[in-house]
Amino acid sequence: MEPALGSERRSPPGPGVPRPPPRGHAPSTAAPAPSPAPMSSSVQSDEERQPRISESGQFSDGLEDRGLLESSTRLKPHEAQNYRKKALWVSWLSIIVTLALAVAAFTVSVMRYSASAFGFAFDAILDVLSSAIVLWRYSNAAAVHSANREYIACVILGVIFLLSSICIVVKAIHDLSTRLLPEVDDFLFSVSILSGILCSVLAVLKFMLGKVLTSRALITDGFNSLVGGVMGFSILLSAEVFKHNAAVWYLDGSIGVLIGLTIFAYGVKLLIDMVPRVRQTRHYEMFE
C-alpha cells in the first residue's frame, strides 16, 4: 500500500493548480507588450505621403516628357475643343482689330513724329503675327494638348519679340537724339484711346484662355496685347504732358525705349525657357 502512496506523492499537480511563487519574490504580473501596429502604420503613411508630394511636384514635368500639356488632365475632350474654338475666335478678332490700329498708329507716327505711336504700331504688327501663330497653334484639333507644338509657337514668338523690340528702341533713341517734338490733335487722341481700351480687353481674354488651356503661347499673346494697351495710353499721356509742358518733350521717346526693353527682356526669357523644351519634346507626337 505504501508504494501506491509514494506514487501519489510523486505525481505532478494538474494544470489547473497554480504553483506558489518562491519566497522573497513578488508575484510578477507581466503587462502585455504594446502593439507596434500604430507606429508602423504612421511610418507607412508618412512614407506614402512623401512620394505623393514629390510626384505632384514633378507631375507637370512628367506630362511634358510625354509630349502633353497640363490641360490634358484638367479638361475633358469636349471642353478642350470648346476652349480651342474660343482661342481661334479671339485670335481672329485680335488680328482684325490690331491690324486696323497698326495702320492708324503708323499714320500718327509719320504725321506727328511720335515715337510712342511708332512703337505701338510695331507692337500692333507684332500682335498680328503672334495671333497668327496662335491660330497655327490651335488649327489642328487633335493637337490641342501638344507640348511640342506649343513650345515651337513660343520660340517663334520669342524671335519676333526680339526683332520688334530692337526696331522700337532704335526708333525711340533716334527721336530722342534729334529732339523730335510730338504734335497733339484729335486724331492722336482717338487712336490712343481706342488702342488702349481694345488691346486691354483682348489681353484679358487671352490671359483667361491661356490659363484654362495652360498655353504659354496664348499668355504671351496676351502680354503683347497688354503692352499694346499700355502703349496706347502712353501716347495719350505723353501728348497731354507735352501740351501742358513743352519742356518734357523727351517723355514720348523715353516711354518707347522702356517698352522696347521690356519686350526684349520678355523675348529673351521666352527663348531661354522654351528652346530646351522643344528639344525635349520633339520626338513626341501624342495627340488626342
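Each residue's number is its place along the chain shown, starting with 1.
Heads up, the Cβ atoms here are built off N, Cα and C, so glycines get one too.
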Do Ile173 and Arg277 share a side of the membrane, as Swiss-Prot has it?
no
Which of the listed residues, Ser7, Ser56, has Swiss-Prot annotated as phosphoserine?
Ser56
Annotation phosphoserine in Swiss-Prot: match it to one of Ser41, Ser45, please.
Ser45
Have a look at Ser42, Ser60 and find the one that Swiss-Prot tags as phosphoserine.
Ser60
Counting only residues 6+ away from its ends, which parts of the chain sit with a Cβ under 8 Å from the topological domain 'Cytoplasmic' (208-216)?
69-71, 74-75, 80, 83-84, 86-87, 90, 137, 144, 150-151, 154, 222, 270, 273-274
Mind looking up the mean pLDDT for the topological domain 'Extracellular' (109-115) in the predicted model?
72
